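Participant: Here it is: the structure, laid out below.
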Amino acid sequence: MLGLGVDRLQADINRLLTSLFHQGVLDEQFLQLQQLQDETSPTFVYDVINIYFDESEKLLRSLRLLLMDREFSDYKKIGLHLNQLVGSSSSIGARRVRNVCVAFRSASELNNRPGCLRGLEIVEHEYHYLKNMMHELFQLEQQRLLAAGVRYPM
Amino acid sequence: MGMAAVESQFHVLAVDDSSFDRKLIEKLLQKSSCQVTTVDSGYKALEFLGIESNDPNALSTSPQEVEVNLIITDYCMPGMTGYDLLKKVKESSAFKNIPVVIMSSENVPARISRCLEEGAEEFFLKPVRMADLNKLKPHMMKTKLNNQKLEEIEKPLNVSAAAAAAVEPEIKDSAEVGSKILTLQSELEPKQVHLQVAQQEEQTLGNNNKRKSMEEGLSTDRSRPRFECVTTAV
């Protein structure tokens with residue numbers, strides 16, 4: 001069980017990552033992040049992605065509040081929020097989220113409210129999909145660490 | 001810890017208003033074996049360096065105890081942009097030799113050329129990668145070598161009273177050359193005196209007591225003559 005557990009979990013992790021790359025959900029920037037993780041910061045990827053989640057959710061909530069307001073007209077503010085989302089999504093390799101944010105931003109530049117509402121829906125959808133995938137990935141990593149810990153007792 | 005140990009690592013000051021980006025750049029720099037200090041605004045960066053935002057030549061109460069070999073800053077920041085920070089650093093006589101790198105998530109050619117014209121060494125598009133940081137080593141090496149040359153210039157002066165007197169011919173009666181140097185401080189050329197004073201500091205106070213020497217009323221302009229000496233020596 002011990003050795004097989006680690007190998008099987010690693011295979012699951014690899015399969016998940018391959019699938020995410022294949023779908024275009026993640027790109028090579030995510031690999032860059034993984035390369036930064038080492039013994040001095042063994043949870044670097046996890047930490048950084050959690051900061052990304054916190055910041056993104058604040059931005060998404062703000063965007064929704066802005067657009068739900070019937071009196072809404074501050075497209076510039078929407079643009080600024082989206083700049084941040086585009087930037088941080090590219091930094092973690094969240095290719096699809098980044099792309100739909102860019103499309104949303106174009107709608108805001110045209111002051112197109114229905115376009116913005118639609119854009120926000122799509123971004124929220126892609127974002128939640130990414131978040132679920134990342135949670136699954138972290139869970140597998142966690143299990144693998146535990147299995148490896150059992151295999152190599154300190 | 002001796003001067004040699006402190007100076008063996010590059011020290012980078014990273015400026016970004018996004019905590020996410022700060023974490024990333026910090027990790028990238030640490031991976032490149034750099035010592036990193038992160039701040040979240042241009043104002044804090046100036047404060048850290050010791051530049052008052054309205055007077056580029058004034059020093060704070062805790063001037064450069066740690067040497068900064070490079071400043072890397074985001075362009076888009078509220079209040080003071082990376083470009084504004086770049087200008088302030090280049091306007092400061094004490095810090096204009098520190099290389100500055102600008103980062104931005106937007107590829108705006110006019111912005112890039114404006115920054116480079118203002119003296120930025122490099123302009124990186126985000127997301128910044130390890131390969132980008134490898135380009136920075138030569139720039140940081142330059143300031144380090146300049147500072148090391150300065151240490152070498154100061155060392156030979158740290159010899160004897162006779163040598164000190166020879167360098168400073170205006171000291172006529174020199175029973176206690178040390179105290180003479182200090183008392184004549186106001187009468188002599190500031191640059192030369194600071195070298196002497198620095199020599200005294202090295203001898204008596206040790207490298208880690210720069211703050212102490214400031215409080216004792218010696219020259220507070222320790223950092224400025226360093227760079228001035230570099231330009232005259234080189």
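Quick reminder: no glycine exception, Cβ is built from N, Cα and C everywhere.
Where the annotation comes from TrEMBL, it is an automatic prediction and has not been curated.
Source: prediction; values computed, not measured.
Feature list, courtesy of TrEMBL:
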type     : residues  : note
COMPBIAS : B:212-227 : compositional bias 'Basic and acidic residues'
DOMAIN   : B:11-141  : domain 'Response regulatory'
MOD_RES  : B:ASP74   : 4-aspartylphosphate
REGION   : B:201-234 : region 'Disordered'
Participant: Using DSSP, how many residues of the domain 'Response regulatory' (B:11-141) fall into helix, strand and coil, respectively?
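Facilitator: The breakdown for the domain 'Response regulatory' (B:11-141) reads 50 helix, 27 strand, 54 coil.
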Participant: Only counting partners 6 or more residues apart, tell me which same-chain residues put their Cβ under 8 Å from the Cβ of B:ASP74 (4-aspartylphosphate).
Facilitator: B:VAL15, B:ASP16, B:ASP17, B:SER18, B:ASP21, B:GLY82, B:ILE102, B:MET103, B:SER104
Participant: Can you give the mean pLDDT for the domain 'Response regulatory' (B:11-141), rounded to a whole number?
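Facilitator: Mean per-residue confidence for the domain 'Response regulatory' (B:11-141): 88 out of 100.
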